[in-house]
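Engineer: What follows is a single structure, and I will ask about it in a moment.
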Amino acid sequence: MSSVAVLTPESFAEHRSGLRDQEITGGVPEDEAYIPTYLEAFPPLPENRGNLGDKSGELGRAWSTKIRPIRASVITQVFNVPLEERRYKDNSQFGDGGEEAKVCLDIMQRTGAHIELSLAKDQGLSIMVTGKLDSVMKARKEIVARLQTQASATVAIPKEHHRFVIGKNGEKLQELELKTATKIAIPRPDDPNLNIRITGTKEGIEKARHEILLISAEQDKRAVERLSLEKAYHPFIAGAHNRLVQELNRETGARISIPPPGLHKDEIVITGEKEAVALAASRIQAIYNDKKRKTTTISVEVKKSQHKYIVGPKGNSLHEIMESTGVSVEMPPLDSASETIILRGEPDKLGPALTQVYAKAKSVKVVEVTAPAWLHRFIIGKKGQNIGRITQQLPRVHIEFTDGEEQISLEGPTEEVEQAQVQIQGIIRDLLVRMDYTEVNIDQRFHRHLIGKNGANINRIKEQYKVSVWIPQEPDRSGLVRIEGDPKGVQLARKELMEVAHRMENECTKELSVEQRFHRSIIGQKGEKIKEVRDKFPEVVINFPDPAQKSDMVQLRGPKNEVEKCSTFLAKLIQDLVENTFSLSITIFKQFHKNIIGKGGANIKKIREETCTKIDLPAENSNSETIVITGRKNNCEAARDRILAVQRELVNTHPLFSLVTIPAKLHNSVIGSKGCLVRAIMEDCAGVHIHFPSEGSGSDKVTIRGPAGEVERAKRQLLLLAEEKVRRRHLSSLESQLEGQEAPPPQENGNASLEGETVPRRCDIITISGRTEKCELAKTALLALVPVTEDVQVSYDLHRYIIGQKGSGIRKMMEEYEVNIWVPPPDQQSDVIKVTGQMASVERAKLGLLERVRELQAEQEDRVGTRPVYWNKHTGTSSRSGVCALYSVRIILRYLIPFPVHRSPDVIVISGYERNTEVARSAIEQLVSALQEMVNQDVHIDPRTHARIIGARGKAVRKAMEEFKVDIRFPQPGSEDPGRVTVTGLPDCVDNAIEHLLNLEEEYMLSVTETETMAAYMKPPSRYRGSDGGGPDDNGGLAAKGFVVRDAPWNDKAPDMSSAEDFPTFGAGAAPKQTSAWGPKKF
């Protein structure tokens, strides 16, 4: 049983006194310290509070004081999935590579929650989900659905209760699914099935089933009553402004639903508790019976246009009549042509109600004012300014304009309508005097030219002549353009529009078919060429299609004569382009390309100039042999003949074609990896090109082209290479046959031969194939790559100088000589340094290492003895500024200055070259003289404020030291005087810093005192503390231990994190890394 309680000092003192009485009466000796158990000190809440006495009731009230929960924004939920319910039971891939981990990763990305998985000893799955409440609930639902096997069950509840399970907008159902981590399927309203299907885990299904049954049980207590009463009497039940039905709702506690006036339905629905529904139904039935007995009706005819004034805004006028007379006014539907209004009520009330109906019908006057339709927008004014002034003065007048009609409707109180009519008629007369309009019929296909690009043309006309121009929209298919404004401006605008239309009628549009590949040539670089054409024909507009459209049509628009001239000019230009863009390709041996180009490109340049063609050769590093010639057809053919003549001449002087037969199955092995073998032959035989047939052709013919002598040489090498490949294949087949025979047992480092010699293992043998001399070279190169290790004798005292600061010296040597240098650890005190690497590199590294040793030995011989510098302790050797300054001197002189620890505490010994030691001595003496001016001053600061003064990671105290240029030292934990703070620096700076520290102490002590006061109030009193605060025994008795209980939950033994039983490991441990002479592996 768990409980939450509020423990006040009074209730706790009373509780402790009760414990004291119990232990005395229980026979426990007074001199022994009795420790209560957890249940005695914190008893559980009583289940039946009514049976407690007065004292127990007081304690119960103290325990039951509600504490407002403070909920964290981030929560954690832990739940388990038993082995039999796990969807993925393959434990071999548990972890990052398992399906469960992949599913959790996907859920984390979609919900934003953090998920941790662990495997219990019983192979059950423990899942911890952390995050915000919504994210945790969604993640838990998905985890259960995807990691746990799903079961299903059904629960049957009445059909009318289904909607309460769903809730408003499905919110209740969503909340229930998240809470139980299940999927709940409810039948559709038109489905007679009563069963609700629940899918999820067994635990979730039980929770969801329980919640659904609780909702159904709650609804069983409610009732629904439907009363069928005539629609005409509904207003009497609802009352004026629905006040009567609202009062019934409050008095009975039921909910009464009356159909709105526009819905022709007689049924009134009452819902709620059974007693409340019955009471409300009886009250409504009584009202209905009373009104049906007492009321009568009369009918009157009122114009349909006046009905809306009787109804009023939102039916307020009808409610006013009902409230004042108690009579219901029934209006015919708006879509009905009937003008009959029925009044229903008590006979003596019908007369006053009829008077109010007629008064409201005649309270509004409707007047129509005639004005030309084109003037309506000027009457309204810019942004409704003119009409706005009238409606502000006469807010109850409604003014309505109808498009296309000349009537303006005014509606409102009689006097205000007459005033508005006079003002609008005055505006109309004024506008007719100073405004005019005209209409021009212009073909609709010219409208876009009248408007211009982005409305440039039409806007210019409007601003220039101060008129408004109305051009019909395309869907209207009308050519009538309307001009309104000043009479003179209207005539000028009309004249200009007519001139534009006349000019457009003489224009024509022509489309010219031009291949898209010529478009860029016609336009030219940065449009220079097309600009020349447009300058030549300024009245013609030339439009090229978008390149993405892949269209060949170029559009010309302008005067007919100019368009024809421009079309003829462009056709001639295109014809020239077609003639000049004829192209042909010829294949020339790659080795002859340089002969065709000539020295400095002389040959190819000459051919280009004489034939007026463009000749493109492939790049030098390309394998293509195709040369492309572009220009006029006859010129291209002449250039081709000249290039082929050059090739024929070279072929006659260099016979260079040969065929070699090599089986197709050997082609890949002869070519080698990425063509390395055949490329080596071509490089060895200068100018030779070897061509193998395409893969899958089945041809055995290999073509060799090049100089005669080199072709024969390449042919011999290819045949030798093919023979070698055949021989190696034969040897491989023999070895595979031998491997099938019984072999002697392998030894540790190889196989033992009959003579007892160790035979190398096959995996240790590298086979080299090729010509003899090149194989020997490759063997020598491979052996040179095998790493060796050499020992170098270096005195142990010099090791630290060879290593250098942070290993910089040894690292520089390893990078320079490309070796690995191993220096023994200091605890071995060995003089042997190992150098590993290639033989040549190791030799160079040995020489470099020995050279470095000689330099260090010579340097030691040149060094002088010690030079003492006296260091006065009173200058503050512990001062941080002094130590930092000494380090600065040490770094500048680049020599070691040991601190005074082994010799006299007042002496610093400087070792190094004589000239450097003199400089160091001078620098340190200057430093000492500067430090002698500093003072040390102690100030007492309350230890409780030290942490705040220091700040997070010392940020606050560092800022103070920098600001006041002092050093502030706080006492170490456990110091004899925990409040002593030492400030070191110049006297003025020390005084200012101390004043600053005292101000901070005063400020922080306020909050410290307040915190301690609250803590003292919340801390329970000690068992042994008396009224004076002393202990039980002032003469050496034990101090009070505070409040102690036995068998408390926090006294349980914590799990041992090093125990394999409490924290089992998953998978095998990682194998130790193996070091290699080649250095660390790089991935």
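Heads up, the Cβ atoms here are built off N, Cα and C, so glycines get one too.
Given the structure is predicted, the values throughout are model-derived calculations rather than measurements.
Look at TrEMBL and you will find 149-217, 221-289, 294-362, 363-429, 434-502, 506-575, 580-648, 654-723, 786-854, 933-1002 tagged as domain 'K Homology'. Among the features that TrEMBL reports, region 'Disordered' is placed at 732-756, 1019-1083.
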Engineer: Can you break down the domain 'K Homology' (786-854) into helix, strand and coil residue counts using DSSP?
Structural biologist: 37 helix, 15 strand, 17 coil
Engineer: Quick check on the domain 'K Homology' (221-289): DSSP residue counts for helix, strand, coil, in that order please.
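Structural biologist: Residue counts in helix, strand and coil order: 37 helix, 17 strand, 15 coil.
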Engineer: Sort the residues of the domain 'K Homology' (654-723) into helix, strand and coil with DSSP and give the three counts.
Structural biologist: 36 helix, 13 strand, 21 coil
Engineer: Mean pLDDT for the domain 'K Homology' (221-289), rounded to an integer?
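Structural biologist: Across the residues of the domain 'K Homology' (221-289) the model's pLDDT averages 86 on the 0 to 100 scale.
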Engineer: What are the DSSP helix, strand and coil residue counts for the domain 'K Homology' (149-217)?
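Structural biologist: Once the DSSP states are binned, the domain 'K Homology' (149-217) shows 37 helix, 15 strand, 17 coil.
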